[in-house]
């Protein structure tokens, strides 16, 4: 009982009294190891808690002091910086302050003109361009009125152009014939020279057949232009299809055993002839055939709608320029060899500006809007349909069409003659 009472009295002592308890008091306690451990643990817990509280107090006081010192330094620095700024402003406006301290070039000099932004000048040019062309449009409307007519683009004759429509719908016959030729070569039913001869016949017939239909039928301008555009595209695709298949067969024969075209090109590539690949190639926005193309994950429907709206707007603007400006100038002009030379030059220069606008609209509508819309619908990944021809430094770089392997294949017969 005495031990228990001693334990209770010892545990109820305050922390200051606990620290002054001599070790002799432990001898009065029973030699039971468990009670001694409990007492010592109790003392240790009290002491540790006191030490932690004291250390926390010291740390909080140090933090407060550090913060106060930092605030004082910030205030002193702010006051000093304000004082320096005030003194700098005070001395910078004095007559004795130097205005020329280092070598500088004029902003429009040849050494400095390309080292800065010219966005302000570009905006000024756009404002002037819009103002000048708006005045010309208003002047033209006041002088000639509204000259746009539907007969040039769509007329009753356009509805009777069913031979051109049937010719356009029959163009897929030629890619099908090219596929059959490649399939027979793959199955070794015909030789490479025979396949070359058949491809020449197919491509020649494909380009001459629509020309003959247009010449025999008195068709509208838009119908004939559309048919010839599709004809040229199909002809270019057929040439690339024949060249690429021949090259893949030659490459497959030259590879070592165990190697494949897929490992050679680091993508899904095979020399097998597939009708599915041909169909995709004929509708894809490219002239270079390959068995597989990079594909996007999904179709952005909202983006497609916005591009279609832009396509309609710029196509209408291009038609407005042709009908309102180009046609009247051409109709009111004399023959260049029968009239005055200066008058002919004036007519040509007058046509240069609207022709430039039509050319830019054509480029933007076809090579950017239409090809991107078609690529998005087909999930065609490579959208670099043109290069930055506006930054061209040589004549070879002026072409806005993306250079590719097609043009190297088109003007050479080396793969078939080797």
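Even glycines carry a Cβ here, placed using N, Cα and C.
Where the annotation comes from TrEMBL, it is an automatic prediction and has not been curated.
Note that the structure is a prediction, hence the values are computed from the model and not measured.
Positions annotated as region 'Disordered' by TrEMBL: 45-64.
If you look up TrEMBL, you'll see 54-64 marked as compositional bias 'Basic and acidic residues'.
Summarising the annotation, TrEMBL assigns transmembrane segment to 121-142 (among others).
Positions annotated as transmembrane segment by TrEMBL: 162-181 (among others). Within the chain carrying the transmembrane segment (162-181), a Cβ under 8 angstroms from the stretch's Cβ atoms is held by residues 190, 195, 198-199, 202-203, 205-206, 209-210, 213-214, 216-217, 219, 223-224, 226-227, 230-231, 234, 237-238, 241-242, 273, 275, 278, 282, all 6 or more beyond its ends.
Annotation comment: TrEMBL describes 193-215 (among others) as transmembrane segment.
What TrEMBL lists as transmembrane segment is 221-239 (among others).
Per TrEMBL, transmembrane segment is recorded for 308-326 (among others). Sequence-distant contacts of the transmembrane segment (308-326), counting only residues of its own chain at least 6 positions beyond either end whose CB sits under 8 Å from a CB of the stretch, comprise 137, 140-141, 144, 146-149, 152-153, 351, 354-355, 357-358, 361-362, 364-365, 369-370, 373.
Taken from TrEMBL, the feature transmembrane segment applies to 356-378 (among others). With a threshold of 8 Å between CB atoms, the same-chain residues lying at least 6 positions outside the transmembrane segment (356-378) that come near it are 280, 283-285, 296, 299-300, 303-304, 307-308, 310-311, 314-315, 317-318, 321-322, 326, 385-386, 400-401.
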